[in-house]
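Visitor: I'd like to ask you about the structure that follows.
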Amino acid sequence: MNDKLVFLGLLYFVQGIPYGLQSSLLPVYLRGAGHSLTRIGFTKILYFPWVLKVLWAPLIDRVGSKRRWLVGTVSGLALTCLSSAALAPEAQIWGVASTLLAMNTLASVQDIAVDGAAVSLLKGRGELGLGNTAQVVGYKAGSVFAGGGLLAVIDVAGWSWMFLLLMFVYAGVALFVWGAPVLDEETLRGQQADGSRRGVQGGDAVRPWRVWRKLLAVPGTPWTVLYVLTYKLGEQGAVTMFPLFLLDHHMTARELGFWNGVIAMGFSICGSSLGGLLLAQFSIGALMRRVFVLRTISMVFQSSLLTVLEPSPLMKGMAVLSMSVQHFLGGLITTITFTTMMHCTQRAEESIQATHYSFLATLEVLGKLTFSALAGGMVDWFGFQVAFLFFLTLSAGTALHVWTATFTGALREHQHKEQPK
């Protein structure tokens, strides 16, 4: 089990690096250069490959091994970083956007392959909880490394050295995956099943609507689809806009890089880690019901801080506390959510599991991406206070949706069948 966790955690770590570059480093850089919140919000379009990944997920399910897809994509990320090192971001902003788009494309393909490997490798509720903890913690650690750590690197060594460092990180991981013994079992199983899968999948390739019907017919999929599209909306708006409010009124870019890019994300990782431990002991439904209510309460506290515009040590302390609590609860919710998604996917037949999980993961990204792109425009039009009131309303609505589902909806099954050990 430890080999599986190290393998998954490392791959999700390097997958989180592009997200950290865009979510933490790029907004602070652009805001410091005087760009509007609306323009910063529209940089989320660089995440678009994550929305499209469900289109090529069936190809990754059918062609080649997971090992080859993983080595190929991670090696491609290393080469992209090498080309990025030659750019001057102040004069070649479109070149920077192109390289980040390429990194997101390669990372999204890698995500399909590693998710498919995780669904195959993880067995039982205990392994699912710990495996999804490795997934979320690894991804967020990569995001912290890129958004917080690399913000310090670029400040000291410059743009080129930062991307050269990333190139060596990706190259090392590609070599690790090439020789990883944990994939030997997956490769052998894939070779044994290949003959029986080709006939069925060949027919599905000619008639792709069959695959979509299979995806939607998996038990629990309709509720899970609605849930993953909406569960992060209010939180995502607050997490995206609150640091920029602090940048405008209370903190410098360097302070934000430390408190939001490192400390708050550290709390997020702690929350994700705790989620895996709690899932081994308690039902998904009970955890979700309580944590979503706590998240709504934390957003009430954060929204109240928007009325304090004058900088002060007390305000900075309250802001750091608010971001830390919000990220802690967000990390906990993310681990629970990805475990719920994987539970649902494991009910699908093996030949479409990677596609099914990628379908759910794509919708999860789509919900967050769409709202993040619009959140900046909402603040520019209506102001921080009105926008955060809307974010709070969305969060409360999601809490009510989850609370109802634990008693009368899809989560009722988890509530009664997965009692504490």
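Including glycine, each Cβ sits where the backbone N, Cα and C put it.
It should be emphasised that the depicted structure is a prediction, and the values quoted were computed from it without experimental measurement.
Pasting the relevant annotations from TrEMBL:
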type: TRANSMEM; residues: 40-57; note: transmembrane segment
type: TRANSMEM; residues: 69-88; note: transmembrane segment
type: TRANSMEM; residues: 161-180; note: transmembrane segment
type: TRANSMEM; residues: 258-280; note: transmembrane segment
type: TRANSMEM; residues: 292-309; note: transmembrane segment
type: TRANSMEM; residues: 321-342; note: transmembrane segment
type: TRANSMEM; residues: 354-375; note: transmembrane segment
type: TRANSMEM; residues: 387-411; note: transmembrane segment
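Locate each feature and note its surroundings.
Guide: Long-range neighbours of the transmembrane segment (69-88) within the same chain, counting only residues 6 or more positions beyond its ends whose Cβ lies under 8 Å from a Cβ of the stretch, are 11, 14, 18, 60, 95-96, 99, 102-103, 106-107, 109-110, 112-114, 117, 159-164, 166-168, 170-171, 173-174, 177-178.
Listed as Cβ neighbours of the transmembrane segment (292-309) (distance under 8 Å, sequence separation of 6 or more from its ends, same chain) are residues 234-235, 238, 242, 245, 249, 315, 318-319, 322-323, 325-326, 329-330, 333, 384-385, 388-389, 391-392, 395-396, 398-399, 402-403.
Proximity of distant same-chain residues to the transmembrane segment (321-342), defined by a Cβ-Cβ separation under 8 Å and at least 6 residues beyond the stretch ends, is recorded for 118-119, 122, 128-129, 131-133, 135-136, 140, 224, 227-228, 231-232, 235, 238-239, 242-243, 259-260, 263-265, 267-276, 278-279, 284, 287-288, 291-292, 294-295, 298-299, 301-302, 305, 357, 360-361, 364, 414.
Same-chain neighbours of the transmembrane segment (354-375): 41-42, 44-45, 47-48, 50-54, 57-58, 60-61, 111-113, 115-116, 119, 211, 215, 218, 221, 224-225, 228-233, 236-237, 240-241, 337, 341-342, 344-345, 348, 387, 391, counting only residues six or more beyond its ends whose CB sits under 8 Å from a CB of the stretch.
Same-chain residues lying 6+ beyond the ends of the transmembrane segment (387-411) with a Cβ under 8 Å from its Cβ atoms: 220, 223-224, 227, 230-231, 233-235, 237-238, 241, 284-286, 288-289, 292-293, 295-296, 299-300, 302-303, 306, 375, 378-379.
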Visitor: Who are the chain neighbours of the transmembrane segment (161-180) in space, where the CB to CB distance is under 8 Å and they lie at least 6 residues beyond its ends?
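Guide: Distal contacts: 7, 10-11, 14, 17, 67, 70-71, 74-75, 77-79, 81-82, 84-85, 146, 150, 153-154.
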